[in-house]
C-alpha cells in the first residue's frame, strides 16, 4: 500500500502560506480522485483506498513524523512505499523535483519524518518556493501575486504525477516526470 503525505501547518492562519504547498497538492489530488479526507486521528486526517492512503498531518510541521509513524505502524506500510510532498527553498517557484533519498535540506517536517522512520530512504516530491531572507518569515507568508500562476501550474503537475504514481512504479513515474520536466 502506498502512503502519500502532504506537509503543511494546520489552521486558517497558515492555509495560504508557502509552507503549505504539500497540503495544496494533496487537496488537489483528492479532488481529482473525488475523495475526501474522511478519517481522523489525533495527529492528522487521511483517506484510505484499497491500494493507497492520502494523508495530511494536523500537527505543526516540525511534528509531522508522529502522524507518518502512526500510519506506517497501524497499516504496516513499508517506508519504501512512503512519499512525502513538501516545500523546498532550494528550488525556484515553479520547479519541482522527485527524489528517492537524501537529507531534509533544512525542512523540519521532513527532518522529523526521517527521524521517526529511521531512514533517509524516503521518496519525496519537493515543490520549489524559492528562498527568502528570513526563512521562518518567508515560509509562513503567501506567494507574491507574480508567482501565483507558476505555483498553480506546478501544483497541478504534481497532482497529475501523483495520479500516475498511484497506478505505476516509482521508476516509471520518475521517467515520466523527467520527460516532462521542462514543462513544469
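Note that Cβ sites are derived from N, Cα and C of the backbone, with glycine treated the same way.
Shown in sequence order, 7, 8, 9, 61, 87, 139, 140 are the residues of the chain, 6+ apart in sequence, with a C-beta less than 8 angstroms from the C-beta of residue 19 (active site, proton acceptor). Annotation comment: Swiss-Prot describes 19 as active site, proton acceptor.
What Swiss-Prot lists as tRNA binding site is 14, 60, 62, and the listing cites sequence analysis. Mapped onto three states, the DSSP output places residue 62 (tRNA binding site) in helix.
Note on residue 9 (site 'Discriminates between blocked and unblocked aminoacyl-tRNA'): other Cβ atoms within 10 Å of its Cβ, all shown chains, come to 22. Residues annotated as site 'Discriminates between blocked and unblocked aminoacyl-tRNA' in Swiss-Prot: 9.
Positions annotated as site 'Stabilizes the basic form of H active site to accept a proton' by Swiss-Prot, on the basis of sequence analysis: 87. DSSP assigns residue 87 (site 'Stabilizes the basic form of H active site to accept a proton') to a strand in the three-state reduction.
Close to the recorded tRNA site, the chain also has 8, 9, 10, 19, 59, 61, 63, 109: residues not among 14, 60, 62 whose Cβ is within 8 Å of the site's Cβ mean position. DSSP assigns residue 9 (site 'Discriminates between blocked and unblocked aminoacyl-tRNA') to coil in the three-state reduction, placing it in neither a helix nor a strand.
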